[in-house]
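I have placed the structure first, in the form of structure tokens, so that the comments after it can refer back to it.
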Amino acid sequence: ALWNSITFKCEEDSPDSVVLFSFGIGTEKMELSVRSPVPLNNDQWHRVEAEKNIKEAVLQLNGQHRMVRPTTVQGHAKPELYSDLYVGKTGAGQRGFLGCMRALKINGVTFDLEEWAKGTPGVNPGCQGHCNSYRMHCRNGGKCVEHYNGYSCDCSLTAYDGPFCTDDVGGYFETGTLVRYDLLPEGGPFALRDVKSLSGVGVSSEANLTQEELVFSFSTYSAPSILVYISSRTQDYLAVVLRHNGTLQIRYSLGGLTEPYTIDVDHRNMANGQPHSVNITRNLREIRLQLDHYPVSTYTLPEASDTQFTLVKSIFLGKVFETGQIDPILIERYNTPGFMGCLSRVQFNSVAPLKAALRSSIAAPVSTHGILVPSNCGASPLTISPMASARDPWHIEGAGAVFNLNEDKFSGDGVDRNSAVIGGMFSFKYTRILSRCFCLYDWKMHRLMHIKRGDV
């Protein structure tokens, strides 16, 4: 008996989850198929094993999924193969295999695919792929995805957008606007309008967190207000608020304490219209806070505090509208009239609630109330150390500040030989070209100003 053909291929109607093994014995053909519970085009290695003996034919995928069929009488004879061996494709015009293949072994003989690839057009030795060289271009947690002649960045689990996951997704909140993202939805429908479809979204089950990360940026002139509030079905919560003086406060309530554990960031008024970035990471009792350019600060929850954030329920942005238990201090001091300003790149673990609210293509358990306008107002957080308010003439509290001038430091031509920046605030020069103007760079506002003669 002759084996007319032996073929491995993907099934046409399910090319991402089914492997077929077919062979011809004389005039009779036989085909086996194995379906994978997960897609096979997932950039992971998969092992295929096929065997034909005098009793049966066996196809096995990844050592788990098997199909066995008994052979016919014709199949009892020793097979003889006379055709060439094709790997990946059998002829012109056929859709071939795209990916990596290794460890090809037939009847105990291992074939050197890497050596074959060196002399075969369209086939390259090794399995590096585009992402091996360009993965670093996918920023902010974006995942590199291989394509036939290139790659793309998957930003779905990030708070960013764009081809390289570098575009900020931000929104401007009018007074009273809020965004709610349900991690653990209620049994009944949510009262607010514009609740998007839940199809295609993996809503988390009842989660008890011992670690979490909250990252976002904001800018506002308004205080007090609630920036982010994460509720639970218990009394546990995490809140980030601006107090009446514009300083930041983080409130953690995980049970075991009569009052929430608070972290007060008193060194600067953050309701100054500038973009500010906040990164809060907790692991058990350790809390790490990264604010703008400042060094990371570490705080520790009291021993009496629980370490488990129990039954995390919803994420609120801008204001709280919660039917469950909530700290009355938050409502009385910070919830009215509500946040007014910009929030951007908001992410809690792998959830990006603001992005879900602003992108109509994303089906998510998110709802909005009030006016929310897309904006990139949080795209440029401070990257240099701001001047202390006591010495900053641009700061309201620093109005009328006096800077002492040490004449001993200057030479006869009036030039400070020790520093190119006077007062640490700006540098300038006078030029006689292009309308004779002053060129002034404001280090605090990060902008270049041209002041024509006569304007000062």
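Every residue gets a Cβ built from N, Cα and C, even glycine.
Remember, TrEMBL labels are computer predictions, not curated facts.
Looking at Cys127, Cys131, the record from TrEMBL puts Cys100 in a disulfide bond with Cys127. Under 8 Å, Cβ to Cβ, and six or more positions away along its own chain, Cys100 (disulfide bond) finds Cys127, Gly129.
Within 10 Å of the C-beta of Cys127 (disulfide bond) we count 12 further C-beta atoms, all protein chains included. Taken together, the residues in the domain 'Laminin G' (182-377) have a mean pLDDT of 86 on the 0 to 100 scale.
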